[in-house]
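Colleague: There's a structure below that I have some questions on.
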Amino acid sequence: MKRIAVLTSGGDAPGMNAAIRAVVRKAISEGMEVYGINRGYAGMVDGDIFPLGSKEVGDKISRGGTFLYSARYPEFAQLEGQLAGIEQLKKHGIEGVVVIGGDGSYHGAMRLTEHGFPAVGIPGTIDNDIAGTDYTIGFDTAVNTAVEAIDKLRDTSSSHGRTFVVEVMGRNAGDIALWAGIASGADQIIVPEEEFDIEKVASTIQYDFEHKGKNHHIIVLAEGVMSGEAFAQKLKEAGDKSDLRVTNLGHILRGGSPTARDRVIASWMGSHAVELLKEGKGGLAVGIHNEELVESPILGTAEEGALFSLTEEGKIIVNNPHKARLDFAALNRSLSQ
């Protein structure tokens, strides 16, 4: 394989630029040419494709976001969109693609592979909700950003004796809420993987104020449960009488310079993706499991909620985020006593 392309798709995540940089520089070191595709699959279909060299990725490792831009392009789920994209790839002499993104991006990579066009996926999403890997690019940075924000909210919460509901991103996964909640010493963490009793949440707030000598209370809420405003309303209906405030950290979690960990795993996975394409392997997703590089069939990792995937050698990679998140939730309850 002499010429490959790289794209980012879906929601942006800190560390994507580090992955792009690794793909480009590793490919060049292997004697391959690299092209960048702007705006993900939309740019592929539009032919927004251009050469990338070492100069173009210089100083990008520390930058958040993605300099290749990103977009959601549901039209690529249709055969017409897929064939149009492949036509553009062939027009530019591209023989394989590295796709950086979440489960939607993986579905696009899977379709390319089904059409006989090798594609390798790299997990890039702050949600950490991709099967076949312990960590996704951007998750560590998002957690650190959330912790920094919650620490600051605690300052004002304690100054005024208030309860804060802090809503964080995560869609159907509570990883950001759990990790950030534990690291910031949150009093309660609410995630979609675990049922909660709103009356118990309210009574816990009251008990902390009246019997534990606390003058403030922090609740970290994953957006997949409900919005922070809706949760606060339910708390009031359940009898909470504390001075309640809601803060939605929102898209701030996607921004910022990536942490050292995100830069390292992005570089590691980007380099390995190139190695796979050089060997002519497609339809695979790169991941990190037990601090080791692994690859899994993209078909299994692209299925939302998949609890495991298989390597080419048939090795099972357990990916049971539900159990892990419940274990973390139990840990936080024991620490918030």
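Glycine is no exception: its Cβ is also placed from the backbone N, Cα and C atoms.
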Colleague: For the ATP site that Swiss-Prot gives with ARG72, TYR73, GLY102, ASP103, GLY104, SER105, which of GLY11, GLY15, GLY170, GLY174 also belongs there?
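Modeller: For the ATP site that includes ARG72, TYR73, GLY102, ASP103, GLY104, SER105, Swiss-Prot also lists GLY11.
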Colleague: Name the one residue among ARG3, ARG154, ARG245 that Swiss-Prot lists for the same ADP site as ARG21, ALA22, VAL23, VAL24, ARG25, GLY185, ALA186, ASP187, LYS212, LYS214, ASN215, HIS216.
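Modeller: The record-listed residue among the candidates is ARG154.
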Colleague: Which single residue out of ARG162, ARG263 does Swiss-Prot record at the substrate site shared with THR125, ILE126, ASP127, MET169, GLY170, ARG171, GLU223, ARG245, HIS251, ILE252, LEU253, ARG254?
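Modeller: Looking through ARG162, ARG263, the residue Swiss-Prot assigns to the substrate site is ARG162.
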Colleague: Please find, for THR125, ILE126, ASP127, ARG162, MET169, GLY170, ARG171, GLU223, ARG245, HIS251, ILE252, LEU253, ARG254 as listed binding substrate, the greatest distance between any two Cα atoms, in Å.
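Modeller: Spelled out: the longest distance between any two Cα atoms in THR125, ILE126, ASP127, ARG162, MET169, GLY170, ARG171, GLU223, ARG245, HIS251, ILE252, LEU253, ARG254 is 32 Å.
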Colleague: Just to confirm: which same-chain residues, 6+ apart in sequence, have a Cβ under 8 Å from the Cβ of GLY104 (ATP binding site)?
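Modeller: Residues satisfying the criterion: SER9, GLY10, ARG72.
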Colleague: Anything within 10 Å of GLY102 (ATP binding site)? Look among the binding-site residues THR125, LYS214, HIS216, comparing CA atoms, and list what you find.
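Modeller: Neighbours among binding-site residues, in sequence order: THR125.
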